Amino acid sequence: MQYNLTRIDPDAPNEQYPIGKRETVSDPLEDQVHKNIYMGKLEDVLSGAVNWGRKNSLWPYNFGLSCCYVEMTTAFTAPHDIARFGAEVIRASPRQADFMVIAGTCFIKMAPIIQRLYEQMLEPKWVISMGSCANSGGMYDIYSVVQGVDKFLPVDVYVPGCPPRPEAFLQGLMLLQESIGKERRPLSWVVGDQGVYRAEMPSQKEQRREQRIQVTNLRSPDEV
């Protein structure tokens with residue numbers, strides 16, 4: 001599996017996303033196993049245990065921009081029960097949150113505020129872009145709307161829809177958990193390679209292309 005490597009360099013504060021250098025590398029744990037099978041396997045087990053704890057205890061930051069935020073909060077109600085994924089603990093401060101959901105239209109005036117909130121989050125942290133407006137500007141192709149939050153934030157999961165249903169948000173959360181389970185991060189700030197390795201996850205659109213092509217009976221737009 002290929003990984004995207006982002007170097008952690010505390011002496012270069014100006015090299016932030018999207019300016020920071022990134023490169024595509026192979027799984028670093030495989031290289032460790034080839035060098036020393038015992039230490040490599042031990043590091044693999046420790047990394048898996050840490051990732052298991054991270055992905056099953058994701059605390060979201062209570063933040064929303066537009067109508068997609070209403071659908072996001074619906075996922076916290078009893079019929080959907082987001083507590084199954086360990087993500088029911090909504091945090092009022094970005095310093096206590098693990099991931100941020102950009103739900104709604106991102107205006108240019110809000111972009112610096114969103115970036116400031118993201119920078120206040122502690123590592124490790126992740127971003128979910130929810131809805132067409134957050135993904136690409138949606139129907140607002142105008143000067144005052146940012147055409148995709150990935151212009152200034154590193155997005156981990158994109159949830160399409162206008163607005164997406166709560167089930168779509170939950171699927172995006174599960175995809176984020178899957179990605180976190182395959183991440184490679186340093187176990188401390190002084191031990192190991194100081195870099196963040198994020199797995200290159202396959203696109204759900206490409207994976208389901210053949211399945212969508214085979215569909216012949218389209219559902220009526222009057223049916224929900």
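Residue 1 is the first one shown; counting continues down the chain.
A Cβ is built for glycine as well, from the same backbone N, Cα and C atoms used for every other residue.
Since this is a predicted model, take the numbers as computed values, not measurements.
C68 ([4Fe-4S] cluster binding site) falls within a helical segment according to DSSP. Per Swiss-Prot, [4Fe-4S] cluster binding site is recorded for C67, C68, C133, C162, and the stated evidence type is sequence analysis.
The region 'Disordered' feature in Swiss-Prot is assigned to 201-224. Taking DSSP states H, G and I as helix and E and B as strand, the region 'Disordered' (201-224) has 9 helix, 0 strand, 15 coil.
Residues of the same chain lying 6 or more positions beyond the ends of the compositional bias 'Basic and acidic residues' (203-212) and with a Cβ under 8 Å from any Cβ of it are 175. Here Swiss-Prot flags 203-212 as compositional bias 'Basic and acidic residues'.
The compositional bias 'Polar residues' annotation in Swiss-Prot covers 213-224.
Fewest other C-beta atoms within 10 Å: among the binding-site residues C67, C68, C133, C162, that description fits C162.
Other residues of the same chain near the [4Fe-4S] cluster site, with their Cβ within 8 Å of the Cβ centroid of C67, C68, C133, C162, are S66, E71, A103, G104, T105, M130, G131, S132, A134, G138, G161, P163, P164.
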